[in-house]
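First the structure, in the form of structure tokens, and then the observations on it.
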Amino acid sequence: MPPSISAFQAAYIGIEVLIALVSVPGNVLVIWAVKVNQALRDATFCFIVLLAVADVAVGALVIPLAILINIGPQTYFHTCLMVACPVLILTQSSILALLTIAVDRYLRVKIPLRYKMVVTPRRAAVAIAGCWILSFVVGLTPMFGWNNLSAVERAWAANGSMGEPVIKCEFEKVISMEYMVYFNFFVWVLPPLLLMVLIYLEVFYLIRKQLNKKVSASSGDPQKYYGKELKIAKSLALILFLFALSWLPLHILNCITLFCPSCHKPSILTYIAIFLTHGNSAMNPIVYAFRIQKFRVTFLKIWNDNFRCQPAPPIDEDLPEERPDD
């Protein structure tokens, strides 16, 4: 082990690699399933593919760059900044994809009869494009000046050095904590989180309202209806919980860094917070895909067709979708 890498760093790198090895294949499988099953081509699954693409990029690009930044090689300031910005872009795209799916789930419960008329493929494509545009705007903002270059240049000049500063490439050396807290967290993370809380609270209210109506009207098999709606409710609660669990710790630590510079932050807490954010990408295929019957059947077919000698039977594209009853 190189002397510059601590035991905490080595453990962090190992966990990050493990997350990437789970995240990339899992999310590629989601995209693959949509490609091979025509029944998964509606607007709903476009948003799931958006999340899967973002999460593949997190595992394939963000995690390797995060490991590089954690090791801290000697680079020019702007080189380090270019390494840090893709991390911001792709993690932001995951957050916006989560929000898009939350809104989509709300519409499915709120207007089940008009859902397909409102959420058209064209509107879904516009929403997806908007997510990526916003992600690039948020993630590239440090490249346009909101960074730590001035402070680094002053320290560089004080040492009598000339030219562009050469630094040990670390995230906090190039990315301004004011940007991370005031702009990234207070504008682009916390509001989506609060909005999702409100959305899911409304969804729970609508489900409960529908349950009360349906229970009295469906005396034939109320347990079946209860089970279906309970599964939806549990999925929504899990989505919200995992989002908050994954993203809040790191941003809370950033707030501590900005508002209490003298406060000590144990390194292990920072590492745990970072891989929690990346780990959310590995969990998303389970939360968003494995709970949908059409995905489960398609995953099994992909496995049998490509990794076993015996091909799977054709996919029944008429499988009922796991949506609230119209």
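Residue numbers in this text run from 1 along the chain shown.
Every residue, even glycine, has its Cβ placed from backbone N, Cα and C.
Some features that Swiss-Prot has for this protein:
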TOPO_DOM  1-10  topological domain 'Extracellular'
TRANSMEM  11-33  transmembrane segment
TOPO_DOM  34-46  topological domain 'Cytoplasmic'
TRANSMEM  47-69  transmembrane segment
TOPO_DOM  70-80  topological domain 'Extracellular'
DISULFID  Cys80-Cys169  disulfide bond
TRANSMEM  81-102  transmembrane segment
TOPO_DOM  103-123  topological domain 'Cytoplasmic'
TRANSMEM  124-146  transmembrane segment
TOPO_DOM  147-176  topological domain 'Extracellular'
CARBOHYD  Asn148  N-linked glycosylation site
CARBOHYD  Asn159  N-linked glycosylation site
TRANSMEM  177-201  transmembrane segment
TOPO_DOM  202-235  topological domain 'Cytoplasmic'
TRANSMEM  236-259  transmembrane segment
TOPO_DOM  260-267  topological domain 'Extracellular'
TRANSMEM  268-292  transmembrane segment
TOPO_DOM  293-326  topological domain 'Cytoplasmic'
LIPID     Cys309  S-palmitoyl cysteine
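Recorded features from Swiss-Prot, shown on the structure.
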{"residue": "Cys80", "record": "disulfide bond", "DSSP (3 states)": "helix"}
{"residue": "Asn148", "record": "N-linked glycosylation site", "DSSP (3 states)": "coil"}
{"residue": "Asn159", "record": "N-linked glycosylation site", "DSSP (3 states)": "coil"}
{"residue": "Cys169", "record": "disulfide bond", "DSSP (3 states)": "coil"}
Subject >> Contacting positions for the topological domain 'Extracellular' (260-267) when only residues 6+ beyond its ends and CB under 8 Å are counted >> reply: 6, 8, 253
Original post:
For the transmembrane segment (236-259), what are the same-chain contacts with Cβ under 8 Å, counting residues 6+ beyond its ends?
Top reply: 95, 98, 101-102, 105, 172, 177-178, 180-181, 184-185, 189-190, 193, 196-197, 200, 203-204, 265, 269-270, 272-274, 276-277, 279-280, 283, 287-288
Original post:
Honestly, do the transmembrane segment (124-146) and the transmembrane segment (268-292) touch, with at least three Cβ pairs under 8 Å and pairs 6 or more apart in sequence?
Top reply: no
Original post:
Taking the Cα atoms as reference points, how far is Asn159 (N-linked glycosylation site) from Cys80 (disulfide bond) in Å?
Top reply: 20
Original post:
Near the Cβ of Cys169 (disulfide bond), how many other Cβ atoms are there if near means within 10 Å?
Top reply: 22
**OP:** For the glycosylation sites Asn148, Asn159, work out the Cβ neighbour count at 10 Å and name the residue with the minimum.
**Re:** Asn159
**OP:** Taking the Cβ of Cys80 (disulfide bond) as the centre, count every other Cβ atom within 10 Å, in any protein chain shown.
**Re:** 27
**OP:** Could you tell me what the rest of the chain brings near the topological domain 'Extracellular' (70-80), counting residues at least six beyond its ends with Cβ under 8 Å?
**Re:** 4-5, 9, 12-13, 149, 152, 164-170, 173-174
Original post:
What else in the chain is close to the topological domain 'Extracellular' (147-176), if you only count residues 6 or more beyond its ends and a Cβ gap under 8 Å?
Top reply: 68-70, 72-81, 83-84, 87-88, 257
